[in-house]
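Report on the following structure.
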């Protein structure tokens with residue numbers, strides 16, 4: 001198992017190295033790496049539900065085929081190791097032959113003069129972030145569609161069990177199936193929130209990165225104030241997070257209803273949005289406050305969010321108390337959509353988001369440009 005974990009990291013690490021040589025900027029390399037990882041995960045997810053013999057099409061599926069602790073199929077690890085070696089060799093050859101500071105994939109030549117609509121900060125942000133934003137939207141829709149497509153199997157678990165069919169009538173079975181589907185949605189709601197938060201916080205964090213790299217020096221010399229610049233970045237991040245969340249949840253809900261024998265009422269979609277949108281906004285607002293107040297500690301945000309997501313997903317496995325996850329918004333929405341979001345936690349999320357957003361703006365105004 002340990003060897004499998006090492007080879008898995010080696011495989012996806014060499015994939016990332018290859019993209020770093022093919023492209024000339026970290027943003028494109030990261031986006032392509034995440035797309036490959038997401039595609040591998042989705043292929044494995046789909047083939048686990050249907051056509052299990054095609055699991056080997058996904059690199060993640062190779063490690064499943066290894067059957068650790070039972071068959072210990074070494075050939076699966078050997079395949080992953082062989083691909084890693086080939087990718088590493090290809091990366092080395094490309095690195096030797098490509099021009100310094102350039103990638104193999106040619107970058108499109110920009111216009112000699114910027115369009116008139118690029119005179120505002122929001123327009124400039126849209127121009128630079130639209131590709132990444134589109135990637136997050138497409139990824140959220142695909143992930144939501146794949147997860148929604150398995151709801152039919154979840155909803156028919158009791159219906160296909162002969163024992164339950166004997167002791168429960170049709171109405172009771174349908175009600176129990178719906179509860180199972182709602183619990184399934186609640187379990188994956190945290191993942192959709194995490195995806196949306198990642199998309200939004202990346203934009204907010206780019207404010208300091210662009211500042212440190214000198215990209216904003218020309219803008220600072222013009223009319224826009226530091227408040228205008230920070231608000232533009234922060235609001236774009238918030239909107240990106242909300243749109244990515246909405247795309248994923250809509251795809252999840254409506255794809256699920258197409259495969260369920262008894263479609264879910266729209267009120268459950270409303271519960272999902274009522275709980276997850278404030279959670280996403282409060283998470284992103286926390287990242288915004290770190291950018292403004294303690295930019296050097298921004299990386300701790302990922303540790304905080306990751307810990308909260310792990311506790312929510314594996315709380316039952318680790319036999320943790322019911323309220324163990326309440327140190328993050330993930331724990332505050334844990335019972336949705338089976339139940340409505342707790343109004344107290346809803347108020348906490350909204351108020352904290354406003355306070356953290358204001359602190360992020362005020363903190364950035366007082367920073368030196370060299371920070």
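Note that Cβ sites are derived from N, Cα and C of the backbone, with glycine treated the same way.
Per TrEMBL, transmembrane segment is recorded for 6-24 (among others).
Counting residues 6+ beyond its ends, the transmembrane segment (31-47) has Cβ neighbours under 8 Å at 12, 15-16, 19, 22-23, 54-55, 57-61, 64, 131-132, 135, 139, 142-143, 146-147, 149-150 in the same chain. Look at TrEMBL and you will find 31-47 (among others) tagged as transmembrane segment.
Annotation source TrEMBL lists transmembrane segment at 74-95 (among others). Here the transmembrane segment (74-95) has long-range neighbours at 3-4, 7-8, 10-11, 14-15, 17-18, 20-22, 59, 62-63, 65-66, 104, meaning same-chain residues at least 6 beyond its ends whose C-beta is under 8 angstroms from one of its own.
Residues or ranges marked as transmembrane segment by TrEMBL: 132-154 (among others).
Among the features that TrEMBL reports, transmembrane segment is placed at 185-205 (among others). Tertiary proximity for the transmembrane segment (185-205) is limited to same-chain residues at least six positions away from its ends with a CB under 8 Å from its CB atoms, namely 125, 129, 132-133, 136, 139-140, 143-144, 147, 151, 233-234, 236-242, 244-245, 248-249, 252, 256, 268, 272, 275-276, 279-280, 283-284, 287-288, 291, 298, 301, 305, 309, 312-313, 329-330, 333-338, 360.
Annotation source TrEMBL lists transmembrane segment at 231-253 (among others). Within the same chain, residues 121-122, 125-126, 129, 133, 136-137, 140-145, 147-148, 185, 188, 192-193, 195-197, 199-204, 206-207, 264, 268-269, 272-273, 276-277, 280-281, 283-285, 287-288, 357, 360-361 sit at least 6 positions outside the transmembrane segment (231-253) and bring their C-beta atoms closer than 8 Å to a C-beta of that stretch.
Positions annotated as transmembrane segment by TrEMBL: 273-294 (among others). Panel annotation: around the transmembrane segment (273-294), residues 189, 192-193, 196-197, 200-201, 204-205, 207-208, 230, 234, 237-238, 241-242, 245-246, 249, 300-301, 304-305, 328-330, 332-333, 336-337, 340-341, 346, 349-350, 352-354, 356-357, 359-364, 367 of the same chain, lying at least six beyond its termini, place a Cβ under 8 Å from a Cβ of the stretch.
If you look up TrEMBL, you'll see 301-318 (among others) marked as transmembrane segment.
Marked as transmembrane segment by TrEMBL: 345-364 (among others). Here the transmembrane segment (345-364) has long-range neighbours at 204, 207, 226-227, 230-231, 234, 274-275, 278-279, 281-282, 284-286, 288-293, 329, 332-333, meaning same-chain residues at least 6 beyond its ends whose C-beta is under 8 angstroms from one of its own.
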